[in-house]
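Here's the structure we're looking at; comments come further down.
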Amino acid sequence: MKLLIDIGNSRVKWARSEPGRYTFGGAFATDASSLAEACESQMAALPRPEAVLVSNVAGMRAGRLLADWASARWVVPVRFVRSEASALGVVNAYPNPAQLGVDRWLGLIGAWRTRRDACCIVSAGTALTIDLLDAEGRHRGGVIGPGLAMMRAALASLEALGGAAESCDGFFCNRTGPALSSGILHSAVGLIRESQARAARLLATEPELLLTGGDAETLRPYLETPVRLVPHLVLEGLHAVAERMP
C-alpha cells in the first residue's frame, strides 16, 4: 500500500493506493499550525505504507511538516511529485515543465487515466484553473482565474456597503448582496463557457468537461453542456504515478 496526499491551498486530501485501485480516505483543512495533529488523527491507524506520494501547492512549510510527520510515524520515503515534460501518456505544454502547478499536472494525468480522449479540465478551488487536453494526450495549455471565495474576498468592501453576499434567483438582482453573488458566480461560469467554446474551435470537436474542486457542485447546475464530476482528480493522478513506481 502507498499513501497518497494532496495538499491543496484550502484542503488536504488523502487516499490509499493499492494495485488496480485507490481508496479515498478523508480530508481536512490546510492549516500549518495543526497539520501534524490532523494527520495523526486521520492516518495514524493506517498500516505502514511502502511510500508516501505528495502533491503540494500550499508552500514549503506545509510540505515539510507533513514529511516530518510521515517520516517520524513510519520511517518511509516521502516523495514530492513534480511536473514533468511528459509522463503516463500526457505531454506538458509548458516550455519549462516545472512551472506548471503539480496539481494541474496530476489533474491532466488523472483525466487521461480515466478518459483517453479530449477533455477540458476545470478545477474550481481557491483558484479556477482550466486545462485543455487533446485526444493524443497533449496538454494544449490552460487559463487561471480567481475562485469563488477569492472573488468574494476581493469584493468584501462592496459587501460592507450592501450587505453580505446572498443567492439571487435570477441573473439580474435588485439588491447589492445578491448582485455580488450573481456576478461572482457568472464570472466563473462565463470563463468556463468561453474556454469550452475556444477548445471546441481549436480541436474541431467538443471536448468532455471534467469538473473537480471544492466549488464543483456549486458551478455544475449553471453549465449547459454535459459535465462529469471527478471529485478527487489530483488523487487519481497520484494513484497513476504510484502504480508506475517499482
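Just so you know, glycine gets a Cβ as well, placed from its N, Cα and C.
Binding site for ATP per Swiss-Prot: Asp6, Ile7, Gly8, Asn9, Ser10, Arg11, Val12, Lys13, plus Thr126 from the candidate set Thr23, Thr114, Thr126. Residues Tyr94, Gly101, Val102, Asp103, Arg104, Thr176, recorded as contacting substrate, have a largest CA-CA distance of 41 Å. For Gly8 (ATP binding site) paired with Tyr94 (substrate binding site), the C-alpha to C-alpha distance reads 21 Å.
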